[in-house]
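Reviewing the structure listed below.
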Amino acid sequence: MGQTVTTPLSLTLEHWEDVQRIASNQSVDVKKRRWVTFCSAEWPTFGVGWPQDGTFNLDIILQVKSKVFSPGPHGHPDQVPYIVTWEAIAYEPPPWVKPFVSPKLSPSPTAPILPSGPSTQPPPRSALYPALTPSIKPRPSKPQVLSDNGGPLIDLLSEDPPPYGGQGLSSSDGDGDREEATSTSEIPAPSPIVSRLRGKRDPPAADSTTSRAFPLRLGGNGQLQYWPFSSSDLYNWKNNNPSFSEDPGKLTALIESVLTTHQPTWDDCQQLLGTLLTGEEKQRVLLEARKAVRGNDGRPTQLPNEVDAAFPLERPDWDYTTQRGRNHLVLYRQLLLAGLQNAGRSPTNLAKVKGITQGPNESPSAFLERLKEAYRRYTPYDPEDPGQETNVSMSFIWQSAPDIGRKLERLEDLKSKTLGDLVREAERIFNKRETPEEREERVRRETEEKEERRRAEEEQKEKERDRRRHREMSKLLATVVSGQRQDRQGGERRRPQLDKDQCAYCKEKGHWAKDCPKKPRGPRGPRPQTSLLTLDDQGGQGQEPPPEPRITLTVGGQPVTFLVDTGAQHSVLTQNPGPLSDRSAWVQGATGGKRYRWTTDRKVHLATGKVTHSFLHVPDCPYPLLGRDLLTKLKAQIHFEGSGAQVVGPKGQPLQVLTLNLEDEYRLYETSAEPEVSPGSTWLSDFPQAWAETGGMGLAVRQAPLIIPLKATSTPVSIKQYPMSQEAKLGIKPHIQRLLDQGILVPCQSPWNTPLLPVKKPGTNDYRPVQDLREVNKRVEDIHPTVPNPYNLLSGLPPSHRWYTVLDLKDAFFCLRLHPTSQPLFAFEWRDPGMGISGQLTWTRLPQGFKNSPTLFDEALHRDLADFRIQHPDLILLQYVDDILLAATSELDCQQGTRALLLTLGNLGYRASAKKAQLCQKQVKYLGYLLKEGQRWLTEARKETVMGQPTPKTPRQLREFLGTAGFCRLWIPGFAEMAAPLYPLTKTGTLFNWGPDQQKAYQEIKQALLTAPALGLPDLTKPFELFVDEKQGYAKGVLTQKLGPWRRPVAYLSKKLDPVAAGWPPCLRMVAAIAVLRKDAGKLTMGQPLVILAPHAVEALVKQPPDRWLSNARMTHYQAMLLDTDRVQFGPVVALNPATLLPLPEEGAPHDCLEILAETHGTRPDLTDQPIPDADHTWYTDGSSFLQEGQRKAGAAVTTETEVIWARALPAGTSAQRAELIALTQALKMAEGKRLNVYTDSRYAFATAHIHGEIYRRRGLLTSEGREIKNKSEILALLKALFLPKRLSIIHCLGHQKGDSAEARGNRLADQAAREAAIKTPPDTSTLLIEDSTPYTPAYFHYTETDLKKLRELGATYNQSKGYWVFQGKPVMPDQFVFELLDSLHRLTHLGYQKMKALLDRGESPYYMLNRDKTLQYVADSCTVCAQVNASKAKIGAGVRVRGHRPGSHWEIDFTEVKPGLYGYKYLLVFVDTFSGWVEAFPTKRETARVVSKKLLEEIFPRFGMPQVLGSDNGPAFTSQVSQSVADLLGIDWKLHCAYRPQSSGQVERMNRTIKETLTKLTLAAGTRDWVLLLPLALYRARNTPGPHGLTPYEILYGAPPPLVNFHDPDMSELTNSPSLQAHLQALQTVQREIWKPLAEAYRDQLDQPVIPHPFRIGDSVWVRRHQTKNLEPRWKGPYTVLLTTPTALKVDGISAWIHAAHVKAATTPPIKPSWRVQRSQNPLKIRLTRGAP
């Protein structure tokens, strides 16, 4: 056996607990891993001889320590605890280290080295820690070793440290029994960071060039002594205090205490700052400290010498043994503290202060301390400053707990309260709070009281309900329903009427029933409670009924107990069963008759079959009754046995009745499925863990909790819970309770919150909770969905497997757990006082509604079932999320596989629903399909769902229909072609216009669903055949597989081709159709071999495609898809049946696709690209487009070799391609009827004429994206011009040739002519427009009789050779052509008559336009767009306003706004008397009808009497019901003026302007903004301003000018001789009579002046101005028909208000040829209408 080598490192690791104890004694903490790392990897790199296995050599340890404690960036502060611990182990070795440490030699006693004078050499400088320069003192010639007095050098019994020395320092150990003194040259200088251990262990060191300065303390003998900082103290200060940036106050206080207690030197201050501050923080502190240096005058100084003397950055030469040196050090510390305080001031952030709030259980005193600390930390304010007490007090009140803050705000004389008073009051409130135990007791007591009250109320209601039920049941004698009143009356039996003195008991007279002697006396026995008394068929009272037979049935998903009542003619429901019909019937009972309604017809599944039945709805019936109607349909048999009555069917089986809702009626069409797993089935008992009914909630045991990753920028979202009805809350409460009990929901506190949405289940009163997780889904990372596609999922099911098992996992998502870190994402609010829940709940399992839940569960279940698939390779297992399909070839294999699957699911923790299970059957339903015998069918339920949808009325309903029907498109041949008319209506912004085409397509899709065939399941072991056909741009096909000699369809495919492919010839369209359907068929064939059969030779086309039709990209795509010989093969050309898309038995006529394509490649068959030998002309065309002076110029030219035939400038911005097309088209036009060779150097124009033009035309000139191609009009013009020449050859030549051939000369001349035309000739857009529009050439002109008559009047001549009329040397354009041209031009420009006329005059048209000006005016006037937008030029003459005949009878009112609104007055209510012009104005704060009524009744009526007429605009204050009601009660005729017509209220509107102008001038003159104060002056000015008749309103009203007082005339004696009051009134009456009468006559004369009426008449069409137009909205609306008129206004059809004539303009309508003639008859009330023109 070998021996292990023990090293210092391994020794420490073996005794690690002792190492940790030693480190703890040094106040540090060490970790084993870092201990090994530093010892073996870090310290050996220091270059001091440290071995990788460690050492206990003290010299090496001290050298490593000096490296660790190095100042600046070269130090290692993180290694301080570890080297200090190594040092402690070496100095005081524990027992397990002593054998490895050499014994220490006892040092010889030597005398300590006394301080010596400083060196004359300059001290060495350091960037961060400059050396201290010792003071220069005379060096003694001979050092004194012994003292003069002969005393001992050091008191060995003293515990004081040795005296402070300049060069050396003697150290003593802790016991004081030894002393050491060595020279400074023997040991290197220690690091700046020192510790108390050095006083015991470090050998003394001294530098001949520096002096050491240490923290000073005064010893017992009066000498300064050095006490260095401990490394553990520095380490603890660093780690146990926040950083300076985080909390500068706390660190400043710490440094201040250290400076006060330790009195550090300059070096130790640097050491302290370097340890506690970062580099940036230290620089900031030093800078602030230097700013605080003050000069001789006591103010901060910036003199460098004074700043450096007081606060040096390098080590100063201060002598700390002198008072002056110590004073320097004290000043340095003070400045350092000032720098710390100034650097620690953070910017003001009151938001942080406001964020400090009192905690629920925090005392006010503690809260106040936190608040003050926030003030100190985030603001420059001192919270202890008396000036800041108010701010602190307000923050304390507002940010206290709500209950404390509210009570503090209500304190009396709050301003006089000090902060201490507020704290004491808050403490008193805080101490009076309820304790948690008291609060819990109070809540418990209130809950118990509430529960007691609820229980008492329920008991009372139950008792009342029992009494009412017994009372009604005892009174009910029969339930008879009759549709006829006479039957009801005939069947009644009335109680015999009693006389007044007749006994009701014995029927004798003379006494009443209570005094009857025959009535038995004694205690009353218990009254028998009969629940129902029945009648026989004749209505007589039967004997006492037997025990009541009851049957529990399912109605609308809810169990309902029916009472079998053979006396009830009809069955009765007591609760609302859904919609009721309009039919009703009388129900006669003991208490009388009452009418009740019937329910709508319901499909009821009885034991005898399906029937339609309607129940009678009787809410006050005590029980639902099963009457004779349903008993008859049931063929029920009632047996009376000893145990009671039993109701059974005709075969003796128990009866069950199911009532369905209307939306579930489609299920009645389904065939009867195999019975589900019954509770007594062996499947349940054999596999109890696999079923949700017996195994409880599932839990996937092999799946780890899921962690939901968030997006990088996601932040928590909190959405409040929506209001929830009480019914909905009670509906979801049981579900929440169940989930809480199962642990799926747990209480939580989360920053996330999303609302809970209760969704009512159809046909029931039950609710289910649904959480709205849309906002959470936005913030969660997306994962790639791996859920299988239902479209091709069944492709993996071979037809040979015909035994199926279908399982539906219940609550599947709840089987997966959520990680606790992800659970808060799905929190929601829930409050239930009964359960003691008020807060948030969250999910511990994967929730529903989360976007990634299906993918996560599908992947987890796939992983768990992987072993099952491996162990059962003969079985087919398909999984779609939580729906599982198991298929086998035989029944035995299916049963064994099902058992194994159930066992596996149970062991894995998944639970299946027994109610939905379909076990070992040959026919099952899976994913909406019916699987049977290797085929899949559309279920009848799916068909009925589509058939039951009503005709769509909106795009959304149409999308729903197409989505539902699109699910079934595999069963519908040509579905895309059928639905083509419907898809355009689903686009956004399209008008939903449902026409005959849409209705036809809608019905065809429904009809196709009814005849949907069965499709075979894809068999991946057999090849597939794809039959493809194409028709009008729609690809149709059927995917088949051979089944014996027949072809069985697998899927019907259809799709619309893109616009480019739809424009190809039929053979190429077939290629595109095959490519499209091949891609869709690949989803079902899963890459298996495919044979394509089509009525075209597609393979040859794909191998040699015509490059003129296909682009390179399409060609490559088709070849890669269709020439894959391993997967795609082409069969022989076959003819297909259009109905079935299968081949016809007879052979079709073959055709050559390549030959057909060659024939259809161009537009003109004789068009060639070779020169014609006998051509009449050989021309050269060219188009040029270039930039000149920042503008793109363009031109086109047609030339020969030597001369220019045609050259024209084109509009700026024309492209070169367009110019080439225009030039080529012009050449073809000029060569009409001739043989032409035309050369062009444009590949674009050449290819368009020869190849692409026909392609563009076939596909409707659209691109592949469905947009119009560029240069559409030029391409169409070129295609039409190609047929004009007799023979034509378009030849391509190279551009810019330099040879001397005829081709080169002609091309150069054409290019030069095009450039010169573009530069010299201005573009003529009008001529260009006419020339480019081929229909407007003379060859197309057709003249009418009216045109010919006009031409003869003008004296025009007819050109026989050219076939058109000529006038003034120009061809004459007919009137109809002129109208079409000008109408097109106006629709392009929408210019007015004058602008269009000037444009045509300047353009010098080559044609004479017949009736141009008249047609132009008509086109401009009849344009609807211009009429809606253009302003009206019509001017309406001024009208006449009606005035009053005396003052105060007729007023005009209006509100005007005056800003700024002082004292809340923003409005001015102005009254103007129309007779005198007198004005009354009242400042108001609101513009309301209440203000108007108040001023009218309180101001106008008492002073001027009741007005007769009031006039105003249509403001809400005047049109409101309040104002109008007041006017009606007072008999005032309130006239509302036309809307948006200020002139109608001109007098008051002008007064508003006058008052505002006057107030503006007065405010400027007075220098105040108080317009309310200046309003009387403005009114005085308005009332005393002369009007149109030279009189002021004051003079008209009072008959004299206002009295004026001359304040400068002291003699007031003239005023004393005033006449009597009576005489003054008589004079006033005379003056008023003389003034008012002439004034009223003047007003009356104005009314008699004729007013020019507006030109509108009844029946005219007018446009009405839109007064409030939005952006890009026309300013006129209409046109409207005029119904009534006045001289200034009119009323139109469709607008209730009168409209001023200035707000309308005439609408020009195109003339309509009259088709009816109106004739008068003799009867004035009759007219005769006759068809046809008069």
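Any Cβ shown, glycine's included, is placed from N, Cα and C.
Same-site candidate for Mg(2+) 2 binding, as annotated by Swiss-Prot with Asp1182, Asp1241, Asp1311, chosen from Glu1203, Glu1220, Glu1268: Glu1220. Looking at 429-434, 723-728, 783-788, 1041-1046, the range annotated in Swiss-Prot as region 'Interaction with host UBE2I' turns out to be 429-434. For the Mg(2+) 1 site, Swiss-Prot lists Asp882, Asp883; matching the candidates Asp772, Asp782, Asp808, Asp997 against that entry yields Asp808. Looking only at Cα atoms, Asp882 (Mg(2+) 1 binding site) sits nearest to Asp1241 among the binding-site residues Asp1182, Asp1241, Asp1311. Cα to Cα, Asp808 (Mg(2+) 1 binding site) and Asp1241 (Mg(2+) 2 binding site) are separated by 72 Å.
Per-site Cβ counts within 10 Å over the binding-site residues Asp882, Asp883 peak at Asp882. Cβ contacts within 10 Å of Asp1241 (Mg(2+) 2 binding site), excluding its own Cβ and spanning all protein chains shown: 21. Summarised by DSSP class, the composition of the zinc finger (1386-1426) is 28 helix, 2 strand, 11 coil.
Around Glu1220 (Mg(2+) 2 binding site), the same-chain residues at least 6 positions away in sequence with a Cβ under 8 Å from its Cβ are Thr1181, Asp1182, Gly1183, Ala1196, Thr1240, Ser1242, Tyr1244, Ala1245. Taking the Cβ of Asp1513 (Mg(2+) 3 binding site) as centre and 10 Å as the limit, one finds 22 other Cβ atoms among all the protein chains shown.
Distances between the Cα of Asp1241 (Mg(2+) 2 binding site) and those of the binding-site residues Asp883, Asp1454, Asp1513 are shortest for Asp883. Residues within less than 8 Å, Cβ to Cβ, of Asp1311 (Mg(2+) 2 binding site) and separated from it by at least 6 positions along the same chain comprise Asp1182, Ser1184, Ala1197, Asp1241, Gly1295, His1296. Looking at Asp808, Asp1182, Asp1454, the binding-site residues in this record, the fewest other C-beta atoms within 10 angstroms of the C-beta turn up around Asp808. Listed in chain order, the extra residues whose Cβ falls within 8 Å of the Cβ center of the Mg(2+) 2 site residues Asp1182, Glu1220, Asp1241, Asp1311 are Tyr1180, Thr1181, Gly1183, Ser1184, Ala1223, Thr1240, Ser1242, Gly1295, Asn1307, Ala1310, Ala1314. The Mg(2+) 1 site, placed at the center of the C-beta atoms of Asp808, Asp882, Asp883, has further neighbours from the same chain whose C-beta lies within 8 angstroms: Leu807, Leu809, Ala812, Tyr880, Val881, Ile884, Lys916. Asp1454 (Mg(2+) 3 binding site) sits 75 Å from Asp883 (Mg(2+) 1 binding site), taking the C-alpha atoms as the reference points. Counting in whole angstrom, Asp883 (Mg(2+) 1 binding site) lies 72 from Asp1513 (Mg(2+) 3 binding site) by their C-alpha atoms.
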